[in-house]
Ligand SMILES: O=C(O)C1=C[C@@H](OP(=O)(O)O)[C@@H](O)[C@H](O)C1
Ligand SMILES: C=C(OP(=O)(O)O)C(=O)O
């Protein structure tokens, strides 16, 4: 169901997309910059922060927990932190909106401080599982009181006498790993997280930058991360790289719209995030990295994408899933415009995102005339070749920004226009999506509800 202020939007077939697409800052890095800034002693200065709804909700949460958080210019933010263990009890409910990352990381960050905090979100977030975070937080001594199934709204009572924890993450999730590490900051001694599959490592990198004692080893059991508790975090200057998950939309649009040639400068290429681009290359996409360099501790490059006739479906290696987990919806749109079948396995986590993303994409793609098969942890898209998607349907975004953007791109390459019932959620991660795509040549038509 779209929400009360739903904003239906239509994308008709597009002429060639051309130009430079300056996508906003990385969402994962932006949340972490605000949270670690709030836990440091002194002023952290952030540039290139993503000013999307998810991150703005985290900024407000840090204020409620006692940090001074101020916007000083476009994407420029200053955070005066309270030090590890220094959060004060928030006087209001913390509303994280649509953001799984925000709520899970903040719950971790406050769980080893003896305060109570109540969290809520929108209809999407309040349906997502939180037990995956409250279970390990209980081992530190924190208590959680939530709705059945561990759903929000939920109150965390932080541990009075926190103890450090060794935790093996049962699902590949950077949010779970990060919640445990952030909780570990407030516990004496060493907290250890073991993850069988590597997930995005922005928390580990940034903790090292803030001066925490953190070590990462690859062992037979997977990645073993060891963090020394109760450090004094040193404030940092953080330049947030552009978000590869947002870049995926103009890049994939360029690959499927005939005649396109788009350059996305300075996007983050952290290997724990770059799986989509490897997959697209294997499918025969005309993609090139230019000027590879390092900025703010993260590898970045300029990425150039050109229309790619004759892309072929592939079997995406399941071991790559974590490094492209948010990109499966837009990959499925490219797959629909490729020849043959694209098989995506090991992707059960897609079912607990802002929507059940396998179900949401399968339903919408079928409405556009594309054949899709699905199982609990896999799905397959039968491609119709370049320009072969019929389109001409209205599809549900299900309060999910990535579903909304994916179907608008599908419309740009389809024979008939595609309407999404609600484009409003796009503002959670990519507030300038529409003007940015228009500047490249795309057209959108607002619809009456
Ligand atoms: O840690 C993060 O910043 C994120 C981790 C991923 O979620 P999971 O940890 O649930 O896989 C990803 O889907 C999300 O968009 C951002
Ligand atoms: C899954 C996502 O975000 P979150 O879990 O932070 O809501 C996403 O941005 O695709």
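Glycine is no exception: its Cβ is also placed from the backbone N, Cα and C atoms.
Remember, TrEMBL labels are computer predictions, not curated facts.
Owing to the predicted nature of the structure, the values given are computational and were not obtained by experimental measurement.
Among the features that TrEMBL reports, domain 'Enolpyruvate transferase' is placed at 14-435. For 27, 28, 32, 173, 175, 326, 353, the entry in TrEMBL reads 3-phosphoshikimate binding site. Positions annotated as phosphoenolpyruvate binding site by TrEMBL: 27, 100, 128, 175, 357, 402. For 326, the entry in TrEMBL reads active site, proton acceptor.
Features per TrEMBL, on structure.
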{"residue": "27", "record": "3-phosphoshikimate binding site", "contacts (Cβ under 8 Å, 6+ apart)": "50, 52, 54, 55, 101, 243, 245, 246, 429"}
{"residue": "28", "record": "3-phosphoshikimate binding site", "contacts (Cβ under 8 Å, 6+ apart)": "101, 174, 200, 202, 243"}
{"residue": "32", "record": "3-phosphoshikimate binding site", "contacts (Cβ under 8 Å, 6+ apart)": "105, 178, 202, 203, 206"}
{"residue": "100", "record": "phosphoenolpyruvate binding site", "contacts (Cβ under 8 Å, 6+ apart)": "125, 128, 175, 353, 354"}
{"residue": "173", "record": "3-phosphoshikimate binding site", "contacts (Cβ under 8 Å, 6+ apart)": "132, 199, 349"}
{"residue": "326", "record": "3-phosphoshikimate binding site", "contacts (Cβ under 8 Å, 6+ apart)": "245, 353, 402"}
{"residue": "357", "record": "phosphoenolpyruvate binding site", "contacts (Cβ under 8 Å, 6+ apart)": "328, 329, 350, 351, 400, 402, 403"}
Local Cβ density at residue 175 (3-phosphoshikimate binding site) - other Cβ atoms counted within 10 Å:
24
Less than 6 Å between Cβ and the nearest atom of ligand 2 is the rule; apply it to the binding-site residues 28, 100, 353, 357, 402.
100, 353, 402
Return the single residue from the binding-site residues list (128, 402) that has the minimum number of other CB atoms within 10 Å.
128
Neighbourhood of ligand 1 - binding-site residues from 32, 128, 326, 402 with Cβ under 6 Å:
326
Widest Cα span across the 3-phosphoshikimate binders 27, 28, 32, 173, 175, 326, 353, in Å?
19
Mean predicted confidence [pLDDT] for the domain 'Enolpyruvate transferase' (14-435):
97
